[in-house]
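Have a look at the structure below, then the notes.
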């Protein structure tokens, strides 16, 4: 008889050498597996990753984490070994990968690192009963919809702070080393535990409705059914919440709905043509003239665990607390119901070529398209090939990214597999990168050294970075 897979949570956190998952590199990872009640059931995984020799770590990131490139080199694994250990954990059947802001950041770090090392960037999150979840939006939803039982911290502007370190302090959760991966993971587990105890119904609802198929059951585009939506895109001054109405399915992405934010006047959607809407959509609100209303459109990606709920979930007493005008939203919905041709206009808006620009750098080209099954098989072969045999591979691919990725994979991780001509090619590539990047990099490093000249700890980190970079380019 087939055994039943017991679902588990795998709480995770990366520390990185920069803020871009596509262009920067991980330096530390921590992961802890728990059961459904957040009891730790396996040994924690804490590992460092060595930075490649064609990359400059951002000093600001090192100052935040306290991790210098020398630490990562001394204690770290090569990137292929680093991501192999992470992938093994994420791929255990029944795993729900969860973190704090992981959907927008940590999961992207995972995807790009898997991509650079010839793994399937996506399978870990949906195959074998696996899934992912993000506690950041869960906490935002808790504050907006069912705030009792948790403590909330406000920032200097008077808005609630959803930073993990701030929520930990006010909820009496030990979090001594914020921005240490393991400390962040433990704090996230404790926060999840407290939230589940305080608001079990909300917690279980949001966990169940993290799933794309469950979310689809809420959406009724034809009848213009309004929903509550929680998202950081609304901003903390709006408590990250609004009523929205799904108006159409995205013509290019089956996992995305086009929604209208009911807190804003929909008049621009009626008055402007597609070209004018597109221009205004990509204009910052602060740059609009006083007589120009913002375009109240929001894309909701159902495969990114968005928080959606029935409109009635937002209670009258919470509307007042959050400053949400129910009557205004309902009036805006009525306007939309009388102008249904706006659906065709918005579908046409997103049917046009998007403003997404293709990446000129293969390391950042993950989203340039899916790999074909045959190319996927070739990437598996590359990954499973021993280093000494990499140079002997005779591969024919339809996707040009693979050969470029393979060259960089060998140059960064197995430089002794390069021919003389390839070594020269890599040397020229690195020289051009440093020639372009170094002037501004050193100016920034000097500015930071002046800024922190009286902070011995930070100055020591900056000196370490300087010595590392000096050795890197020598």
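Along the chain as shown, the residues are counted starting at 1.
Each residue, glycine too, has its Cβ placed from N, Cα and C.
Residues or ranges marked as Mg(2+) 1 binding site in TrEMBL: 13. The Mg(2+) 2 binding site annotation in TrEMBL covers 15, 184. Look at TrEMBL and you will find 15, 163 tagged as substrate binding site. TrEMBL lists 200-354 with the feature domain 'ExoI SH3-like'. Per TrEMBL, domain 'ExoI C-terminal' is recorded for 358-473.
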### Task
Could you round the CA separation between residue 163 (substrate binding site) and residue 13 (Mg(2+) 1 binding site) to a whole angstrom and send it over?
14
### Summary
Rounded to a whole number of Å, the separation of the Cα atoms of residue 184 (Mg(2+) 2 binding site) and residue 13 (Mg(2+) 1 binding site) comes to 7
### Message
Going by DSSP assignments with H, G and I as helix and E and B as strand, what are the residue counts for the domain 'ExoI C-terminal' (358-473)?
### Response
90 helix, 0 strand, 26 coil
### Query
Going along the chain, which residues six or more apart from residue 13 (Mg(2+) 1 binding site) have their CB under 8 A from its CB?
29, 30, 31, 99, 100, 102, 106, 181, 182, 184, 185, 188
### Cβ packing number for residue 163 (substrate binding site), 10 Å threshold
14
### Task
Tally every other Cβ atom lying within 10 Å of the Cβ atom of residue 184 (Mg(2+) 2 binding site).
25
### Query
In DSSP terms, helix, strand or coil for residue 163 (substrate binding site)?
coil
### Query
Secondary structure at residue 13 (Mg(2+) 1 binding site) (DSSP, helix/strand/coil)?
strand
#### Entry: Protein Cβ atoms within 10 Å of residue 15 (Mg(2+) 2 binding site), excluding its own
25
